[in-house]
Structures are given as structure tokens and as C-alpha cells.
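Structure first, commentary second.
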């Protein structure tokens, strides 16, 4: 791929803008009208709480069905995304910058005193633009933070499906591509099956909405998490059966730890007396769970995430580091986030956190880190 082709391919087009706007419009409408479970969010500092309509699985299933029907009837091309990958990337990036700038201006002008919309302005333009000013900004009654992460996860699946269609069209479909597609599809579907668990995560509860989250949700998740698929589209990798089995085992262990840990944390927050692994939970200071996975490591869910990320890349073989960008990046990110979480928890829980660290000395990987 020469530089001239890359520069031409990355220039946004009317078509790429139309695809993005249509996608986001569908999500806004479907997310507002389709039935789903209404889940109460965390109680905020002012005593209020938001409520989230968790109908993402319904919206995703309907969207894939509509796109599949459209492709079958030749209304749209199944490869429309994979044919415009670079220009969709640049279009979404520009959109993220514009949205973040609008959020910054709206936040600075806000006089709302509620915990969700009260502006937190430090006076540092870069800091406020990057980390955001408001906790839960809305547009036309849509919670943008919850909306953007949903868009990113769905976008990741749509990119993968278009890459899969391109692979079939080009006659390059192989076992590695199938394995990668199955792992990612299972992970994404699991996210939407347990979408309500997202409402108790740190990003939703405590992070303000700025460029860090907007870019991360709309650009980083769908376009970098799908690098393995793009790479396999242009590189044939034949895996022996033993390697496929080993990869499946890594995925299953990663999923078990990731989903199990997040589920334990979520149900504990809803019911602190619920049994964990068949036993009453061990709780430090009445607040911190030290049973189950959370009695093995303080950030055990990160271990599951890392194993899953590795399983997404292993189908690409070992001839290049490019497909391993996601797990390498995730190691760096999660260690940074773990250190940031530790500092915040130490400041928030004080002696309770000290006791928890004494009882659970391992950060992510028991007996190693």
C-alpha cells in the first residue's frame, strides 16, 4: 500500500458520512423505542440516579437482520464497510472531535447543579476537553455516555462481519478468520446479553464524558479491536488442530474469569449478602468484596480481559506483531488503569483499602503481579 493510495483512501467522503449518520440515527431511534429492561444506575452524590433502557441485544439483532436482508436483496453491499475502512475511520475521528468540542462548549455554558450535569471546569482547556466537564450529558433525552459505548461495540461487530463478507467474496476465508470471528462475536454478544452490568462500571459511574471516552468508544474500540480481522483479510494463516484447541481453551478461561468476576461484582452491589461460589461473601469494612474472583486478585477482571484479547490475536499466528497490537495495548492500559484505580480506592476507602490489600495482595495475576 503506497502513501498516495493511503492518503486518498483516508479522506472522508459523503458516503462514509452517510453510513455513520445512518448507523447512529438507527441506534438513537432503536434505543429509545425498542423494549428492554430498565436498570437503575448508581446513586449519585446528590441522591439522584439515572435509569438505563438495556435493549442493546434487541437493537443489535434487529440491525444485523435488516442489514442481512438488505445485502440478500442487493439493496446494500455486505462489504460496504470493509471497502471504506480508512475513510470511515477518518470520518468517525472527525465526528468524535466535533462531538467532544460541542460537549465542552455545552458544559462550560451549563448552570445545572445536578450531579449528572454540573460542570467541572478546571480552567485547563486540554484537560477539560480530554477528560470532559459533565458526568452524564444528554442529547434529546439520550444518555450519550451509554449510547457511545453501545455504538462502539456494535460498530466492532459490523466491521468484523463486513470483513468476513469480504473474505468470502475474495475466496480467502480460512480457519483462522473463522476462529477470530467466532471469538469476537461471542464476546460482543455476551456484552449485550449482560449490558446492564455496564451500568455499574467505573466509566459509567465516575468518568466524565470527554474526548477520552468519545474517541475510545467510537473510534478506538471498533477500528483497533478489529485489526486482527483486517490483517487476516490480507494474510493467510493455517493453524494446526492442536493450536486451534489451545486457542479455544485460552478464550474459554478468559471468558470465565472476565464474565465471572464482573458478574460477582455486579450482583454484590445489588445484594451484598448474596452467596459467592456457594458461600457467604467475605466483605471488608462492609464495602469491599473479598470472595470469589475478588479474593484472588484486586483487579481479576483485567486478567480475563487480557486472556480474551490474546485469544483474538492468536489465530493470526506469530509471523507479525501487528495483530497483537490490541493485547499489547491492553496490557499497558490495564496496568495504568489498575494503578489509577488503586490510588483512587486508597483515597476513598483509606484503612479499609489497606486491610483489603493485606488480605488480597495480588493486583491482577495471582502469585505473579
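Backbone N, Cα and C atoms are what each Cβ position is placed from, and that goes for glycine too.
Heads up, TrEMBL stuff is auto-annotated, nobody curated it.
Listed in TrEMBL for this protein:
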TRANSMEM  6-29  transmembrane segment
TRANSMEM  50-76  transmembrane segment
TRANSMEM  88-106  transmembrane segment
TRANSMEM  147-165  transmembrane segment
TRANSMEM  177-197  transmembrane segment
TRANSMEM  209-233  transmembrane segment
TRANSMEM  239-258  transmembrane segment
TRANSMEM  306-336  transmembrane segment
When only pairs 6 or more apart in sequence are counted, do the transmembrane segment (177-197) and the transmembrane segment (239-258) reach 3 or more Cβ pairs under 8 Å?
yes
In the same chain, who gets a Cβ under 8 Å from the transmembrane segment (88-106) while lying at least 6 residues past its ends?
10-13, 16-17, 19-20, 81, 128-129, 132-134, 137, 144, 209-211, 214-215, 218-219, 222-223
For the transmembrane segment (50-76), could you work out the same-chain residues 6 or more beyond its ends whose Cβ comes under 8 Å from its Cβ atoms?
26-27, 30-32, 34-41, 44, 116, 136, 143, 146, 150, 153-154, 157-158, 161, 165, 189, 191-193, 195-196, 199
